[in-house]
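Peer 1: This structure is in C-alpha cells; I'll ask about it shortly.
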Amino acid sequence: MELVNRTEISEFFLKGFSGYPALEHLLLPLCSTMYLVTLLGNTAIVAVSILDVRLHTPMYFFLGNLSILDICYTSTFVPLMLVHLLSAQKTISFIGCAIQMCLSLATGSTECLLLAIMAYDRYLAICQPLRYPVLMSSRLCLLLASTAWVLCLVKSVTETVIAMRLPFCGHHVVSHFTCEILAVLKLACSDTSVSEAFLLVGAILLLPIPLAFICLSYTLILATILRVPSAAGRRKAFSTCSAHLAVVMLFYGTIIFMYMKPKSKETRISDEAFTVLYAVVTPMLNPVIYSLRNKEVKEAARKVWGRSCTSR
C-alpha cells in the first residue's frame with residue numbers, strides 16, 4: 001500500500017497565501033526587492049572578500065561562507081514563491097519538493113554551525129591574539145567550514161528521505177509557501193515518530209548546543225574586553241565582533257521562535273508571515289549589518305569599486 005500511495009503522488013499544492021490575494025499583491029514587490037538586495041549584498045561580500053588581499057583572513061573566509069549560504073538558502077524557495085504569487089497554479093513536483101526541502105534544511109543547518117565557528121574565531125582573535133595565526137590556520141578554517149557543510153548535507157538528506165518515503169493520502173495541499181518539512185509531515189497518513197525523532201535530535205544538536213557555545217565564547221570575549229585598560233582598545237575589540245553578535249541574535253531569535261513555539265495542527269497565516277521574515281529578511285540584513293558595522297568591509301568595497309571604475 002505504501003508503494004502505491006507513493007507512486008500516485010506526482011506533485012504537491014503549496015497553499016501559501018492563496019487565501020489572501022491582497023497580501024499576495026503586497027508580498028510580490030516586497031519579496032522581489034528583498035531577494036534582489038540579498039543576492040547583490042551577499043555577492044558583493046563574497047567578491048570583496050576574494051578581491052581584496054587584506055580580507056584574506058579567517059573572519060572574512062567564514063563571512064564569505066555565510067554569504068554563500070544566504071544566497072543558496074533564499075534561492076531554494078524564493079524564485080518559486082514569486083512565481084506562485086503571480087500564478088493560480090501553485091504546484092511543485094514530488095521530486096522538486098524533496099530537493100527544495102533537502103537544500104533548505106542543509107543550508108539552514110549549516111548556518112547554525114557556521115555562526116558557532118565564527119564565534120570561536122572571534123574568541124581566539126580577542127582572547128588569544130598572539131597565538132591566533134597559529135591556532136586558526138587556513139587549513140583549520142577549510143576543515144571547519146567543509147565539515148559543517150558535509151555534516152549538515154548528510155543530516156538533511158537523511159531527514160528528507162525518511163520524510164518523503166512516508167505514505168501520503170487524501171489531499172496533497174501543503175499549508176505553506178515552501179516544502180517545509182513540518183508542513184509536509186502533516187500530510188502523512190502513517191506514524192511520523194521516526195521522522196520527528198530525527199528532527200528533534202537535529203534541532204537539539206543545531207540550536208541549543210551551538211547557541212550555548214556562542215554564549216560561552218562571547219562571555220569570555222566580554223571578560224577579556226573589560227580587562228583592556230583603554231576605552232579605545234575596548235571599542236576596537238568590541239567592534240570586531242559586534243556585527244557577528246547582531247547576526248547571531250537575529251538568526252537564532254527568529255528560528256527559535258519558529259521551531260520552539262507550541263505546534264498547532266493548522267498552520268496560521270501569522271506563522272507563514274513570520275517565516276517570510278526569518279527566511280527572506282534575515283539573509284538580506286546580514287550583509288547590511290556587516291557592511292555598516294565593519295570599516296574594513298566598507299574600505300575594501302570602495303577600493304574594489306574604484307579599481308573597477310578606473311579599469312573602465
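Including glycine, each Cβ sits where the backbone N, Cα and C put it.
Sharing the feature lines straight out of TrEMBL:
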- 26-48: transmembrane segment (TRANSMEM)
- 41-290: domain 'G-protein coupled receptors family 1 profile' (DOMAIN)
- 60-86: transmembrane segment (TRANSMEM)
- 92-120: transmembrane segment (TRANSMEM)
- 140-158: transmembrane segment (TRANSMEM)
- 197-225: transmembrane segment (TRANSMEM)
- 237-260: transmembrane segment (TRANSMEM)
- 272-292: transmembrane segment (TRANSMEM)
Peer 1: Below 8 Å between Cβ atoms, which of the listed ranges 60-86, 140-158, 197-225 makes the most pairs with the transmembrane segment (26-48)?
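Peer 2: Maximum Cβ contact count belongs to 60-86.
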Peer 1: With a Cβ cut-off under 8 Å, give me the same-chain residues at least six positions beyond the ends of the transmembrane segment (60-86) that come close to it.
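Peer 2: 14, 16-17, 24, 27-28, 31-32, 35, 38-39, 41-43, 45-46, 49-50, 92, 100, 103-104, 107-108, 110-111, 114-115, 117-118, 121, 138, 141, 145, 177-179, 247, 279-280, 283, 286-287, 290.
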Peer 1: Can you tell me the mean pLDDT for the domain 'G-protein coupled receptors family 1 profile' (41-290)?
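Peer 2: Over the domain 'G-protein coupled receptors family 1 profile' (41-290), the predicted model scores a mean pLDDT of 86.
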